[in-house]
Amino acid sequence: MNRGSCSSLMEMDYDEHHDHGHEELHVLAVDDNLIDRKLVEKLLKISSCKVTTAENAIRALEYLGLGDQNQHIDALTNNVMKVNLIITDYCMPGMTGFELLKKVKESSDLKEVPVVIMSSESIPTRINKCLASGAQMFMQKPLKLSDVEKLKCHLMNCRS
């Protein structure tokens with residue numbers, strides 16, 4: 001069993017101020033459903049990820065510094081921009097996960113950040129639309145630990 005291959009990379013140094021690159025994934029988890037958000041957060045933490053949560057796409061954009069121009073400067077100076085992955089629900093009020101994906105991919109600062117879309121509905125046209133617009137993966141909700149491990153391994157291979 002090669003379970004250690006990915007997680008051993010993740011358990012080295014938890015100091016946010018060192019920029020060693022690959023020790024720890026910082027994931028922004030976006031979901032309007034509290035239970036789903038807590039589940040994703042717990043699974044990511046079990047997988048040794050640093051997690052920041054947002055209850056909707058607008059809050060996620062604010063955190064990423066795409067809310068307004070002043071915040072963009074603050075986000076850059078406070079280094080909150082160092083998110084290695086965004087995982088977002090597709091169906092959310094106000095702004096969907098798909099719209100969040102498009103905003104991230106339009107941003108010169110963030111377009112390289114992988115975005116994973118989650119949905120409880122497996123609609124092929126929706127999945128294809130997300131992947132065609134730059135989503136890294138499309139995952140079925142509820143997320144399982146095996147999904148998170150698979151995602152993490154996929155990302156570590158992509159980021160080398």
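One-based numbering along the chain as shown.
Including glycine, each Cβ sits where the backbone N, Cα and C put it.
Bear in mind that TrEMBL entries carry predicted annotations, made automatically and left uncurated.
Listed in TrEMBL:
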- 26-156: domain 'Response regulatory' (DOMAIN)
- Asp89: 4-aspartylphosphate (MOD_RES)
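Residues near Asp89 (4-aspartylphosphate) in space but far in sequence (CB under 8 A, at least 6 apart, same chain), listed by position: Val30, Asp31, Asp32, Asn33, Asp36, Gly97, Ile117, Met118, Ser119, Lys141. Mapped onto DSSP classes, the domain 'Response regulatory' (26-156) shows 61 helix, 24 strand, 46 coil.
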